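Residues or ranges marked as Zn(2+) 1 binding site by Swiss-Prot: His17, His19, Lys103, Asp251. Among the features that Swiss-Prot reports, substrate binding site is placed at His19, Leu20, Arg21, Asn45, His140, Leu223, His255, Ala267, with the record citing sequence analysis. Feature annotation from Swiss-Prot assigns Zn(2+) 2 binding site to Lys103, His140, His178; the stated evidence is sequence analysis. For Lys103, the entry in Swiss-Prot reads N6-carboxylysine, with the evidence type sequence analysis. Feature annotation from Swiss-Prot assigns active site to Asp251; the stated evidence is sequence analysis.
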Amino acid sequence: MTAPSQVLKIRRPDDWHLHLRDGDMLKTVVPYTSEIYGRAIVMPNLAPPVTTVEAAVAYRQRILDAVPAGHDFTPLMTCYLTDSLDPNELERGFNEGVFTAAKLYPANATTNSSHGVTSIDAIMPVLERMEKIGMPLLVHGEVTHADIDIFDREARFIESVMEPLRQRLTALKVVFEHITTKDAADYVRDGNERLAATITPQHLMFNRNHMLVGGVRPHLYCLPILKRNIHQQALRELVASGFNRVFLGTDSAPHARHRKESSCGCAGCFSAPTALGSYATVFEEMNALQHFEAFCSVNGPQFYGLPVNDTFIELVREEQQVAESIALTDDTLVPFLAGETVRWSVKQ
């Protein structure tokens, strides 16, 4: 990576955790990712969820149809794990190059997760098959029991689900997605080479004070929820250390404005337009720009066993204002950092 003071040239990055939705929303948001990223792991939590090879093939085609001419973008599809999923269907999708990974949502943990897994035991045959064929498991790591505080759900998941699972299936490759706590940062750092993590821009830039002090900021509300500043700092220190099993996963999750700014608002930040510059800002603040390219463009492919991208992009360090909103057919979409001045942006 070359880093003159005002320009960062890096190998084209990938987004290892992305929501593209479907229909008109899909057509609106895809270009914001495809113009920057070479590949993206696409989440399967549609309604109904993507649980078959045929559904994934059809969804992939809808995504590709929304990619503008001149963008070189490959969506990497995932299978939504359910209690009733057939291991043979999963293996077929993996062998045919349709499924790159499978996603574990604890039932009702986040948007469109009501079909999720009720217990690890219920999907053990599927997980055993994944371990056997080398298919990565992507985990939304929160317990969902009503009696457990929302700020404690990730830490409790580690001790009650993640560690027992990894002890039981020692060869299973696991990505602990969108980690938000010091507990998770320490757990991944101390784990073996079969455990990795993604981190979102909002969890590196903000903590729960930013979301709640002086008024509720619904466009910072996501799941897992922002935590206290000691957890934010642990995440920042993990990425700044150059640790090679943590990588870019925006968890960009678009919702129309009226679904965010509501008496019962949806969780998710639409960060695709601003995420890469946000990450660059964090790495610069941590005096760690020398590790920025690996986080964005190398660590993910390395863990997944895929080649790195062979093209490059540039970010420029000049103040730019983020758009207040993006037009949808019958509403607007508010991007992460809407209306704010950002320090780094992708060179057009």
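Each Cβ is built from the backbone N, Cα and C atoms, and glycine gets one as well.
Neighbour count (other Cβ atoms within 10 Å of the Cβ, all protein chains): 16 for Ala267 (substrate binding site).
His178 (Zn(2+) 2 binding site) is 18 Å away from His255 (substrate binding site) when you measure Cα to Cα. Of all Cβ atoms in the shown protein chains, 26 besides its own fall within 10 Å of the Cβ of His178 (Zn(2+) 2 binding site). The Cβ of Leu223 (substrate binding site) has 20 neighbouring Cβ atoms from other residues within 10 Å, across all protein chains displayed. Here the Cα atom of Arg21 (substrate binding site) is found 12 Å from that of Asp251 (Zn(2+) 1 binding site).
In this structure the residues listed as binding substrate are His19, Leu20, Arg21, Asn45, His140, Leu223, His255, Ala267; their two most distant Cα atoms lie 19 Å apart. Of the recorded residues, His19 (Zn(2+) 1 binding site) and Asn45 (substrate binding site) place their C-alpha atoms 8 Å from one another. In terms of Cα spacing, the binding-site residues Leu20, Asn45, His140, His178, Leu223 that come within 10 Å of Lys103 (Zn(2+) 1 binding site) are Asn45, His140. The binding-site residues under consideration are His17, Arg21, Lys103, His140. Their Cβ neighbour counts within 10 Å are lowest for Arg21.
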